[in-house]
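Q: This structure is in structure tokens; I'll ask about it shortly.
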Amino acid sequence: MMEGKKMVGHTGFGYIETIDRPCAELINNLTMMDSANVTDAQNRTGAMDRGIKPLDQGKRIFGTAITVELPLGDNLMLYKALDLAQPGDVLVVYTNGNFNKAIWGELMTKSAMLLKVGGLVVDGLIRDRQANRNHDFPIFCRGTTSVSVEKNGPGFVNGEIPCGGTVVRPGDIIIGDDDGVVVVKKENLSMVIENLKQIEQREITRSQEIANGQALPKWFAQLMAEKGLLPGMNREDTRIGKK
Ligand SMILES: O=C([O-])CC(=O)C(=O)O
Ligand SMILES: [Mg+2]
């Protein structure tokens, strides 16, 4: 639950209307970042598990999270999430382990596109796979099935949720590409942007070194020496426990 925010409804069935958003200028720094570099910039944290994949390879997802918790077998409150989302927001959905029924389909994609929602990440399934692939709307999910769910509730929008083995809160930043989905906690945004600048610079420098014929990085020879694996050593020299 978010402190100090007005809640409509009650525990497990309701929503929080307004969320704390990082400022757009900060978020824009991450627009084109690779998910791989973003997890590196967070000391290898924040990545959802690899079961959550792009429905359509090559589509990126990026935006501020609106979070949704659905009960098993229902998607009513996902429509409330669409209603609350601002242009560019990404819907992130926890289904309470519903891996048998689809909580999203093509008509919802069309609604989302009309509202300029930035995409969908769901720890569960969707349907209308082929039709969804034809739309310019990124979906990251565990898979597809033909069977849909009820529309009765309960469910909650804009609480803290688990998704793909990590925690997502409304206002966190979601970045996804062919490698998977990464969450940047909103309070870490400035630090992540700073770290990313260094990571990107390192990648440029290393790419130039490779282009200039330096196949292995400088640190490699040094590390091998530190590990005692010096050129010319035979097996006996490196035997474990040898004095
Ligand atoms: O009816 C549903 O729950 C989802 C669906 O197929 C659609 O939106 O097209
Ligand atoms: Mg449908």
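Even glycines carry a Cβ here, placed using N, Cα and C.
Okay, so TrEMBL annotates it like this:
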BINDING   GLY105, GLU106, LEU107, MET108, ARG127  substrate binding site
BINDING   ASP128  Mg(2+) binding site
Q: What kind of secondary structure is GLY105 (substrate binding site) part of, going by DSSP in three states?
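A: Where GLY105 (substrate binding site) sits, the three-state DSSP reduction gives coil.
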Q: Can you go through the binding-site residues GLY105, MET108, ASP128 and pick out those with a C-beta less than 6 angstroms from ligand 2?
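A: So the answer is GLY105, ASP128.
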Q: These are the binding-site residues: LEU107, MET108. Which one scores highest on other Cβ atoms within 10 Å?
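A: Output for this query is MET108.
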Q: What's the number of neighbouring CB atoms sitting within 10 A of the CB on ARG127 (substrate binding site)?
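A: Looking across every protein chain shown, the total is 19.
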Q: Excluding GLY105, GLU106, LEU107, MET108, ARG127, please set out which residues of the same chain place their CB within 8 Å of the center of the CB atoms of the substrate site, keeping sequence order.
A: ALA102, TRP104, THR109, LYS110, ILE126, ASP128, ALA131, ASN132
Q: I need the CA-to-CA distance for GLU106 (substrate binding site) versus the residue listed as 'Mg(2+) binding site', whole Å please.
A: 6
Q: Name, in the order they occur in the sequence, the residues of the same chain whose CB lies under 8 A from the CB of GLY105 (substrate binding site) and which sit 6 or more residues away.
A: ILE126, ARG127, ASP128, ASN132, SER148
